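Inspection log for the structure reproduced underneath, given as structure tokens.
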Amino acid sequence: MEDIRVLIVDDSALMRNLIGKIVDATPGLKIADKAMNGRFALQKLERVAPDVIVLDLEMPEMNGIEFLRELKKQNIKIPVVILSSIAKEGAKVTMDCLELGACDFITKPSGSESANLTTVSETLSKMLLAYGRRHQIETGTRSTDTTNSFSEPFKSTIPKPMTAAEPQKEEKPTPQREHGNIQIIAIGISTGGPNALRQVFASIDKDLPQPIVVVQHMPPGFTKEFALSLDKICPLEVKEAEDGDLIKPGRILIAPGGKHLVVEKRSLAAVAKVIDTEPQSGHKPSVDVLFGSVAKEYQNHALGIIMTGMGKDGAENITKLYTEGSRTIGQDEGSSVVYGMPRVAWEMGGVMEQVSLDNMAAAINRYGKEFA
């Protein structure tokens, strides 16, 4: 399998050099070329044929937004990962980029750390590998592999074939009680999530009987804009969760970046609790924290869904949801950008059914109505 070719687009020579070092140090990646703005990047596209693009937002002559608009206009389908500032205005522009077709984003370290990309180098490397490999496979240009996703984790410095998941444990967990009716839907998702959730929520039925609570791994300052962007395309209300928000049908609550989201059933209603405790499974918000609270409060009356993402956050407690008697779904390998979280959940025996991204909204609508 050939190396993934990365086009680096940033007006800062220092940043181009730093990103280039990350690419050079990552087995399976190679620099296709570098460009100082969107206009030069467009001129290079046909010649260098990148598999993935790293794009800065603020550049002279043609900025990141203008570059993405031009890609869309010319129907050029190359995955783009945005390098975004953490400033509030950066969050709005980043969400605009996702709406224009960017695949994902990563935040630059701020202030005195702005020139130190080592804090995000591993995440950036894995994103570029995942999106670049997927592009190679979908275009059929450099790979004969039939798997669309990038399987987590790496276990050596040599890029592994993207193998299928291990079979489920022979001794699967046993539900402690029969499935009850579904009263809440909980979704955990990470890398590949922004576009996946856009696709799913655009097709959710407006009369879905259950509320939805979501953890999407995302830094502080971005989840509010992310929720607003989803709200534009979803028939249901989508908002960033605030402490005390009612959990009710017709509403989707997104965990705020940098905080955990848990659910709490009271005598007359269920409410969201936003808590500021330590990261769990390496994340904050954590899917495991949300799923654990849903398992505790709803037992066998939930639908848990674990989707594309690196690592294993959510795998442990979606298995707990399953043993409590709730129904569970995992995104399948073929449609996951990174088959990490859903793979571990499947191998642990915590997932009843694997569903493709294209069929996920229909599955949610079907489960929600059939088992209301």
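Even glycines carry a Cβ here, placed using N, Cα and C.
Per-residue confidence over the domain 'Response regulatory' (5-123) averages 91 (mean pLDDT, predicted model). Look at Swiss-Prot and you will find 5-123 tagged as domain 'Response regulatory', backed by sequence analysis.
Less than 8 angstroms from the CB of D56 (4-aspartylphosphate) sit V9, D10, D11, S12, M15, G64, L83, each of them six or more residues away in the same chain. Secondary structure at D56 (4-aspartylphosphate), as computed by DSSP, is strand. Per Swiss-Prot, 4-aspartylphosphate is recorded for D56.
Sequence annotations record features per position, and here Swiss-Prot assigns compositional bias 'Polar residues' to 140-151.
Marked as region 'Disordered' by Swiss-Prot: 140-177.
Residues or ranges marked as compositional bias 'Basic and acidic residues' in Swiss-Prot: 167-177.
What Swiss-Prot records for 178-364 is domain 'CheB-type methylesterase', and it gives sequence analysis as the kind of evidence.
Marked as active site by Swiss-Prot: S190 (among others). Taking Cβ-Cβ distances under 8 Å and a sequence separation of 6 or more, the neighbours of S190 (active site) in its chain are Q216, H217, H283, V287, T308, G309, M310, G311, D313, V338, G340, M341.
Annotated active site per Swiss-Prot: H217 (among others), in sequence order, evidence recorded as sequence analysis. H217 (active site) falls within neither a helix nor a strand when secondary structure is assigned with DSSP, and so counts as coil.
The active site annotation in Swiss-Prot covers D313 (among others), and the record cites sequence analysis as its basis.
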**Message:** At 10 angstroms around each C-beta, which of the active-site residues H217, D313 has the fewest other C-beta atoms nearby?
**Reply:** H217
